[in-house]
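Student: Okay, so Swiss-Prot annotates it like this:
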ACT_SITE  224  active site
BINDING   128, 194  NAD(+) binding site
């Protein structure tokens, strides 16, 4: 059946592993048109070469040929200030994947104020974890406790404070490398903060959400677990996520979450 409506004009912020996967998934979707891609200046030529003249590839919001209807951020924390804030101020609805950055209250306020000023909507993607819809719904009746437990293979914690806690290259048994609030987890482990921050913002907040991070030689994937209780009852959900085929460090579900956000934007019936 032919699409009776004009496609939604989309700007993508970032064209790394997630951005490229999202673009490939919706490239031929009649309800969507990725007409703009915003990337750092040094990446523009390569992205133009990959996408051709049909996409407006620029390095700033000011350089866009026209204002998009919707923007999807999958570029990392810095892009929220540089690109999402001005887009929201201009009235463009945005969905963002870099939730971990929102542990910074000043940034969260800046995004909220920009959305208010532009009359736009900011959507936080669920990313690599499921159950966020249930958790956010349960919050309406009151939550007594929310915990997030994250497990990764030891080498997945290289380059983090975990290196000072244990020998990540020679572990025989699991070891807890962090216990505390979601806010502290985001500050100490910024590259691993998106899931914990998403759980916190959907539930009882960054300070009340308890986080446990574990280096576990028995797992080969990133394992996420949410435990919650409140007026709704109790909930426990665990996910063992696969990476994108062409990028072992990137959750496939994060890309699928972004694809869903785009298709929901173009749909008249949304779940």
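Note: Cβ is positioned from N, Cα and C throughout, glycine not excepted.
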Student: Specify the count of other C-beta atoms within 10 Å of the C-beta of residue 194 (NAD(+) binding site).
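Tutor: So the number of other Cβ atoms within 10 Å of residue 194 (NAD(+) binding site) is 24.
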Student: Would you identify which of the recorded positions 128, 224 has the most other C-beta atoms lying within 10 angstroms of its C-beta?
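Tutor: Checking each of 128, 224, the winner is 224.
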Student: What is the interatomic distance between the Cα atoms of residue 194 (NAD(+) binding site) and the residue listed as 'active site', given in whole Å?
Tutor: 12
